[in-house]
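Summarising the annotation, Swiss-Prot assigns active site, acyl-ester intermediate to Ser231. The annotation active site, charge relay system is assigned in Swiss-Prot to Glu358, His471. For Cys98-Cys125, Cys285-Cys296, Cys433-Cys552, the entry in Swiss-Prot reads disulfide bond. Sequence annotations record features per position, and here Swiss-Prot assigns N-linked glycosylation site to Asn289, Asn374, Asn484 based on experimental evidence. Annotated signal peptide per Swiss-Prot: 1-28, in sequence order.
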Amino acid sequence: MPSCQPGKMPAPWPWWLQLLLCIPSCVAVLPGRAGELKVSTQTGSVRGLSLPVLDGHVSAFLGIPFAEPPLGRMRFLRPEPVKPWQHVLDATSYKPACYQMVDTSYPGFQGTEMWNPNRGMSEDCLYLNIWVPSPRPKDAPVLVWIYGGGFYSGAASLDVYDGRFLTYTQNVILVSLSYRVGAFGFLGLPGSPEAPGNMGLLDQRLALQWIQNNIHPFGGNPRAVTVFGESAGAASVGMHLLSTQSRTLFQRAILQSGGPNAPWATVTPAESRGRAALLGKQLGCHFNNDSELVSCLRSKNPQELIDEEWSVLPYKSIFRFPFVPVIDGDFFPDTPEAMLSSGNFKETQVLLGVVKDEGSYFLIYGLPGFSKDNESLISRADFLEGVRMSVPHANDIATDAVVLQYTDWQDQDNREKNREALDDIVGDHNVICPVVQFANDYAKRNSKVYAYLFDHRASNLLWPPWMGVPHGYEIEFVFGLPLNDSLNYTPQEKELSRRMMRYWANFARTGNPTDPADKSGAWPTYTASQPQYVQLNTQPLATQPSLRAQICAFWNHFLPKLLNATDNIEEAERQWKLEFHLWSAYMMHWKSQFDHYNKQDRCSEL
């Protein structure tokens, strides 16, 4: 769990990043482009701006509303479609991010602050942004980005999500959308109309509906929409593949480092209700029913909810988040695991993958012995405590199984190996093996699946070398940031970014990421019999036979069976101890009686 204090805003961005944002007052609209910057939609007209990129321009339409502001009584409710407007809407600047916790763990450190809101925060936050090639295309493929952030943070306006490079180089339309996070988006009382849960997912769905109805005037093809996201954004993409009411709103899907079946991605209705009630108690609410609880929570200012939301977690852990999607019987008719195994999902082409060190980023947020400011060499005692926090739902037997699986028993006190093992445990458990299981379930239904492992560490990465290729650090290559000369990427990294943008765009166009210009050959499909994947780095495309097959068999098959078999072991042990105590007491009583009998004077035999 992050150790940061919410409410503090990040330090100002360096001047070169501020220039990158190209605020409207700095951008001249060239003659002949003015017509491209006004678009009429079903909800009203919008006027965007022209942004310079490389040796050309793209048109950007920033801050278009797709829902009514979820203010006042609309807090915790399903979103309502935006009402039409009559004026020409100024769409030349980003809108504020949705209210969320701000990471102040390392003040002034851009490695963390690059993920913090950079446009302020508001509950009035349901807007989307569109980047369009210039000149405006006709029926271009559309890529829709859903940001990650553990369902408690994230913003569509982050610099790393700047859509101009991907739009310009690949002649695609890029859309980024906002959705409510934390308690505002995922506090759930399933069955109650006051706070049904999954509001953030419904925000996303409403944005996808707006795109279906309105992307054509921007030059996009509503029948060629690919939804993509990273981490909780990837989990969201997977959830729309599962939810029957979302499936018709897009054609293809890309999941980067996340899936709907991840252990952190959903909670049960009982757990969701328990967390909502605990938040109310933490905020001093007195309530006898759902309406009274929600009424009290609506009376609190946003920062009060943010300050207390992490207190609802039931155990000390990392890679667990306070308010997440709930299995409500509506958006989700069943658990993601059950829906995937039964084939109850949208059958389509899927591109998915992970980065090399998925766990390292999370280790510094609470595991003993870890810090970005040292080598984080981990003692055996800290390793064992780290395992317990990394698998918080596991009983002692399952925890021991994880320790057994990841320990080098010939060198168990090696602090570097203990650090690397915890990196692997957190990454395998929370990201890699859920993604592998998702890919396997899709491949079994003969859907086209393409898989990757991104294992290039950026030359300008701010995180220490021991963290390797951390969670989230393929995104800059997908969005083309290395093409910005001021960010000091190497020529090889610029080429890697160009390749990755081509892969993603080719997939959006055709359902196959293969780049015809790539001499390395075709990107193989991932099948049930041949679960192949490619490595994405500065070297030529290389195919590998399977992704952590042995270790994912442990997480996806063995450990669930072990947990199921030992689910009642603590109760059985308690009953055994109670019965043993009763038996022991009985035996002590019998022995006492027997000793007393032996001491009695007895008549001699006649």
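Start at 1 and count along the chain as shown; that gives each residue its number.
Cβ atoms here come from the backbone N, Cα and C positions, even for glycine.
Recorded features from Swiss-Prot, shown on the structure.
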{"residue": "Cys98", "record": "disulfide bond", "contacts (Cβ under 8 Å, 6+ apart)": "Met121, Ser122, Glu123, Cys125, Leu126, Ala155, Ser178, Tyr179, Arg180, Val181, Phe184, Gly185"}
{"residue": "Ser231", "record": "active site, acyl-ester intermediate", "contacts (Cβ under 8 Å, 6+ apart)": "Gly148, Gly149, Gly150, Gln256, Ser257, Gly258, His471, Gly472"}
{"residue": "Cys285", "record": "disulfide bond", "contacts (Cβ under 8 Å, 6+ apart)": "Glu292, Leu293, Cys296, Leu297"}
{"residue": "Asn289", "record": "N-linked glycosylation site", "contacts (Cβ under 8 Å, 6+ apart)": "none"}
{"residue": "Glu358", "record": "active site, charge relay system", "contacts (Cβ under 8 Å, 6+ apart)": "Ser257, Val426, Gly427, Asp428, Asn430, Val431, Ile432, Pro470, His471"}
{"residue": "Cys433", "record": "disulfide bond", "contacts (Cβ under 8 Å, 6+ apart)": "Arg548, Ile551, Cys552, Trp555, Asn556"}
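Burial estimate for the disulfide-bonded residues (Cys125, Cys296, Cys552): highest at Cys125, by number of other CB atoms within 10 Å.
Considering other CB atoms within 10 Å as the measure, the emptiest surroundings among the glycosylation sites Asn374, Asn484 are those of Asn374.
A coil conformation is recorded for the residue listed as 'active site, acyl-ester intermediate' in the three-state DSSP classification, outside any helix or strand.
When the alpha carbons of Asn484 (N-linked glycosylation site) and Asn374 (N-linked glycosylation site) are compared, the span between them is 31 angstrom. The DSSP secondary structure for Glu358 (active site, charge relay system) is coil.
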